[in-house]
Amino acid sequence: MFCEQCEQTASGQGCHQWGACGKGPEVNALQDLLVYVLRGLAPVVLKAEALGLPVREINAFTCEALFATMTNVNFDGDRFKTYIRQALDRRNSLQAAIASAGDTEPWPAIATYEPQWDESLSSQGQDASLLLLQEAEGNIDIFSLKLTTLYGLKGMVAYASHAWELGQWDDNLFHFTQEILSKLGDTHLEVGDWVALALAVGQWNFRAMELLDSGHTGTYGHPVPTPVPLTAQAGKAILVSGHDIKHLATLLEQTRDRGITVYTHGELLPAHGYPKLKADNPHLYGHYGTAWQNQVHDFAKFPGAIVVTTNCLMPPHGEYSPKLFTVGAVGYQGLQYLEGETPDFEPAIAKALELPGFAASDVETDQPPRSVLTGFAHQAVLGVADQVIEAVKSGKIRHFFLVGGCDGAKPGRTYYTEFVEKVPEDCIVLTLACGKFRFFDKNLGHIGELPRLMDVGQCNDAYSAIQIALGLATAFDIGVNELPLSMVLSWYEQKAVAVLLTLLHLGIKDIRLGPTLPAFLSPNVLAILSQTYQLKAITTPDADLAACLA
Ligand code: FS2
Ligand code: SF4
């Protein structure tokens, strides 16, 4: 096997024997085969679209299937076989419809590929992944840029999938997805063309995040600053992890008046900031646990059922597997999968009612209860823009830091905790995504009425952070790069790649990235990004803080 799509890739170079994430060679090969089959579906979808045939549902399918190949989403080989079969069925039906419309132009080989459904399936997947390297014709920089483009696309379609569930889509974004998939095998493009394509993924990822923001705010209201208890309530409990607020909302609806308290985990913490979700569901109570890599410990201890709606799922321990359920693109062989866009959560509810829940003795009696604040999305922050501008002009606020991105298990990630602890008292820290769990419960105090630590939301709420930066730049009548703002980001998986490409597409410079740089960036590609955007690796908190404040 070969996979280097995430930050924890083995030895910082690539997983060859077994994935550091727990993904085995067979599942890896099936994921590569699925990507290959989706690449073969793409020219067919584009042709059908040009002929005016309906392709929207197929586009949504492509997004979900590609999303399933992201890090820590799906480890279930059977689910990948199903996705491959579904992709081939859709391709064959579309080809028949195209032929009926009178277009009989021959298809490229990739669009007529039929796997052999025998024990050679995983070696066919390995061959398909090697093809991407062969198509780069030995040019390591082109290979690097193809991987950057593909990984960014995986992140982008994850957000597009969530937006689709909320009734938000853009046919142009779907078209772009299919275009990129069909171009991955192009042998005529030069390094400059690939850089442009990677940045175009960033551009369209901005659109995907905008659609998702509209879906969230249109359905659940604009987030408002909200305290979220970190303590438990006595009684039966369900923990919901991942990013999918629609699935959380469905579960909340199905657990109303059932005597169950619902807790968020990981990237669902910002769900508490959505006023309609909160108002309709008093049983959405608090947040449990910290970042994804601690789930083995947190899930084992949780005394109720657990639902994982998206990444990051870790291979579960037998001890807690029976109370773990997956939905959407997520899967793991042996775990209970609740199917459908609007799953029936009854098996998870029954499990929660069967399990003991929190006992009265588990409940902390601290008053007020330990809590954190979330809900500082673009409308909440720009709503107090006057206060912010006044504080900057009067010198009360010297600098803003966006410290966000993914968390992970590497010891080097303590950099982010130390960085935030050392941020001077006249500076504000904005944060987002699961990287916040390195410091989310620290009390950094206030500057005037403004908290010094503001949680903007999930990783997709990078959209909100960008709106805040653009709003402040407009208010000060300067460019974003001239704002007293530094971005210190941590990455782990492919959504972070998409977000980084968005920031580069917007021309944002001087981003500091860690804990290590992506293995898939070749030295030349890294040099291009460093020279054009001054993208740099993190060093030490002291040195980086000093440089940002200089
Ligand atoms: Fe964290 Fe994992 Fe949010 Fe990433 S929970 S690393 O998927 O997307 O950030
Ligand atoms: Fe390795 Fe990451 Fe790929 Fe998993 S997703 S196999 S950890 S590079």
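Cβ atoms are placed via backbone N, Cα and C, with glycine included.
Residues or ranges marked as [4Fe-4S] cluster binding site by TrEMBL: Cys3, Cys6, Cys15, Cys21. Secondary structure at Cys3 ([4Fe-4S] cluster binding site), taken from DSSP and collapsed to helix, strand or coil, is strand. A sphere of 10 angstroms centred on the C-beta of Cys3 ([4Fe-4S] cluster binding site) encloses 22 other C-beta atoms.
For Lys495 (hybrid [4Fe-2O-2S] cluster binding site), the count of additional Cβ atoms within 10 Å of its Cβ stands at 33 [all protein chains shown]. The annotation hybrid [4Fe-2O-2S] cluster binding site is assigned in TrEMBL to His243, Glu267, Cys312, Cys406, Cys434, Cys459, Glu493, Lys495.
When secondary structure is read from DSSP and collapsed to three states, Cys406 (hybrid [4Fe-2O-2S] cluster binding site) falls in the coil class. With a cut-off of 8 Å between CB atoms and residues at least 6 apart in sequence, the same chain places Glu7, Ala433, Cys434, Gly435, Cys459, Ser490, Trp491, Tyr492, Glu493, Ala496 near Cys406 (hybrid [4Fe-2O-2S] cluster binding site), listed in sequence order. Among the features that TrEMBL reports, cysteine persulfide is placed at Cys406.
Each residue contributes its Cα atom, and for Cys3 ([4Fe-4S] cluster binding site) and Lys495 (hybrid [4Fe-2O-2S] cluster binding site) these two points are 16 Å apart. Taking Cys3, Cys6, Cys15, Cys21, Cys459 as the candidate binding-site residues, the subset whose CB lies under 6 angstroms from any atom of ligand 1 consists of Cys459.
Among the binding-site residues Cys3, Cys21, Glu493, Lys495, the residues whose Cβ lies under 6 Å from any atom of ligand 2 are, in sequence order, Cys3, Cys21. In the three-state DSSP scheme, Lys495 (hybrid [4Fe-2O-2S] cluster binding site) falls into the helix class. The shortest Cα-Cα distance between Cys21 ([4Fe-4S] cluster binding site) and any of the binding-site residues His243, Cys312, Lys495 is the one to Cys312. Geometry remark: Cys15 ([4Fe-4S] cluster binding site) versus Lys495 (hybrid [4Fe-2O-2S] cluster binding site), CA distance 19 Å. What surrounds the [4Fe-4S] cluster site, by Cβ distance within 8 Å of the Cβ centroid and not counting Cys3, Cys6, Cys15, Cys21, is the set Glu4, Gln5, Gln8, Thr9, Ala10, Gly19, Ala20, Lys23, Asn28, Thr71 from the same chain.
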